Amino acid sequence: MTFMRSILGAAATMALAAGAALAEPALIYDLGGKFDKSFNEAAFNGAERWAKDTGGSYREIEIQSEAQREQALRRFAEAGFNPVVTTGFAIAEIMGEVAKDYPDTKFVNVDGFLPEIPDNVLLISFQEHQGSYLVGMLAAMASESDTVGFIGGMDIPLIRHFGCGYAQGVKSVKPDAKIIANMTGTTPAAWNDPVKGSELAKAQISQGADVIYAAAGGTGVGVLQTAADENILSIGVDSNQNHLHPGKVLTSMLKRVDVAVYDAMTAGPDIETGKSMTLGLAEDGVGYAVDENNAELLSDDMKAAVEDAKAKIIAGEISVVSYYENSSCPAYDF
Amino acid sequence: MEVMPKWADVVLVPLISLVLAMIISALVILGIGEDPWAALKLMVQGALGSPYGWGYTLYYATNFIFTGLAVSVAFHAAMFNIGGEGQATLGGLGVALVCLALPWPHWALALPAATLGAALFGAAWAAIPAYLAAKRGSHIVITTIMFNFIGAAVLNYMLVNVLRPPSSMDPASAKFPDGTALPSFHDMFSPIIAFPKSVPANISFLIALVACLVVWLLIWRTRFGFELRAFGKSESAAVYAGISPTKIIMGSMLISGALAGMMAINTVQGEAGRLVLNSVEGAGFIGIAVALMGRSHPAGVLIAAILFGFLYQGGAELALWMSIPRELVVVIQGLVILFTGALDNMVRMPIERVFLWRRRSRQAAGE
């Protein structure tokens, strides 16, 4: 019974493997992977900026399977990493359970939702619909054909939430504008399928779209590429993607995951937990990107209109309906 | 007469293939500036060196046993079932519907029902391509692979629009009732072997072992198994012998789909306790490699499945503790598949020649 012997014989090594407390932060990326040019990469950028500013180091993992979510959380917590920062809503539920077993470790999640938040968990979410509303306005103003496109990753509530804010923004400027929305796929591969993104962009262009907003993780790279090749405008998401095709990317819907991760790592083990935090336009958690790559694309009128809307959203004069409120969208029927 | 003794065929050839794959992996790891010896040690220790490691290795292996057996059964009837992924996806749906339908009082009641649900849904998903193949001559590879995508879309629709609790934005079903939670290795072996509480391996591993035995009995000890193998070897001969192709194609594919679907009791009921979008995560495709490597024999499938379980868990340890990107972990897994599956003859033929030469020289010495 070599199997039994190796199990018993190595039980001791396991006990040794639990390392000394390090109080370094750890970062767990969602399945899309670290270099998706958008959501996870924003988290990576935040962590890198923290490491550069403080000279600290952190441990990271790009998980490959569902079972690894719990595994990575427990292993990092056992090894003394603190706080453990995670990205993506899919890990939130298991994180809530794991957190109860490690009361001395702080857990932070970006995008997740839990009905009951344990004392050592902080949930950070973003008002993506507000940022999407603003880029929707820009899309409508930049469009000459009055047809704009939206390409999402998978058909899940989060992406409808993005699309819904976008559609409301478009309709606020041009109530008769046509919105074409497509989802990339039905499997998680949809978050990292630039070829499919490119095909969808071509299909939307043939239907008359001349501005396309991609909220599809790594798939968006293909959308932006095709838009640039076909000489129409695109809108990036999460990270500032304006630089990918200077002069061709109208703007990017910024979701400051990097700031959230940076702040969490800076606060370290003392981070305030046991609550959820929502970052919107008022907190600069979401927004639209302006830099030298798209300066020529945004006229002063456009910027003035968007800034005006932004102030009104913050003041509560314009209310952008969230898809989450009642699982439906007033401006577009998903 | 066999050129090689049995032990060389079953043990030596796969072992040399594995060593070759490891050498090339080591060179790649060296190429990115990491220490291959440390990586190997980490993989072996992380996957096989502790109850914690075994708990994960056998959890992954359980998935691969089911999908490997699924591919094997169909393969004996010369059907190439690429649809394990979709059948397992639907199997997950079956498990979720069963688990959520009743407030199950005890897992011992929930498990048989969920297993049946998984098998039925998996078989149903294989039934349509099988029917098309038997009656309309549609190519089984094309139809089953297409059904993977339809299966993913069905699951997506069910989770987002039907099974998702109204308060949640996560596309996943509600948590299953406590009565459906399967005993994990921690619960099963705790007095003898100390598996940590969190290991996902559970009682489904034992069901997988039983499935190996049942498949062996089915293929080699029943009349249907004989017909199935005869059909697989030569369709025209089988028809001449009075074997109905429709019966064999439908039978083998339904069993295959049921086996693939049963994977879900491990992942959905055993590990997650709820149905998520991505519960199969490629195990359906790994099953093809497992079946190829295991020569479509249940014993071989079992060993190959444990090897792939080792690669998965060892790969996770690499990703956790070394600066080895996950893409490289996939490269290592791919090299093992390539050498043990696709390049089998590259190793086999020189070894056969060595044995042939030895036998000749022995004969020459005897004369």
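Residue positions begin at 1 at the first shown residue.
Cβ from N, Cα, C; glycine included.
Taken straight from TrEMBL:
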| type | residues | note |
| --- | --- | --- |
| TRANSMEM | B:12-33 | transmembrane segment |
| TRANSMEM | B:53-76 | transmembrane segment |
| TRANSMEM | B:88-107 | transmembrane segment |
| TRANSMEM | B:113-133 | transmembrane segment |
| TRANSMEM | B:140-160 | transmembrane segment |
| TRANSMEM | B:199-219 | transmembrane segment |
| TRANSMEM | B:275-294 | transmembrane segment |
| TRANSMEM | B:301-324 | transmembrane segment |
| TRANSMEM | B:330-351 | transmembrane segment |
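With a cut-off of 8 Å on Cβ pairs spaced 6 or more residues apart, the transmembrane segment (B:88-107) and the transmembrane segment (B:330-351) reach fewer than 3 such pairs and are scored as not touching. The stretch from B:53-76, B:301-324, B:330-351 that makes the most Cβ contacts under 8 Å with the transmembrane segment (B:12-33) is B:330-351. The list of residues near the transmembrane segment (B:140-160) in space but at least 6 beyond its ends in sequence, with Cβ under 8 angstroms from a Cβ of it, reads 79-83, 85-87, 89-90, 92-93, 125-126, 128-130, 132-133, 171-173, 253, 275-277, 284. Within the same chain, the transmembrane segment (B:199-219) packs against the transmembrane segment (B:53-76): three or more Cβ pairs sit under 8 Å, each pair at least 6 residues apart. Residues 79, 81, 83, 86-95, 97-99, 104, 139-140, 143-144, 147, 151, 180, 207, 249-250, 252-265, 269 of the same chain, all 6+ positions outside the transmembrane segment (B:113-133), place their C-beta atoms under 8 angstroms from a C-beta of that stretch.
Cβ atoms under 8 Å from those of the transmembrane segment (B:301-324) belong to residues 18, 29, 32, 34, 38-39, 42-48, 53, 56-65, 68-69, 72, 209, 212, 286, 289-291, 293-294, 330, 332-333, 336, 340 of the same chain, restricted to positions at least 6 beyond its ends.
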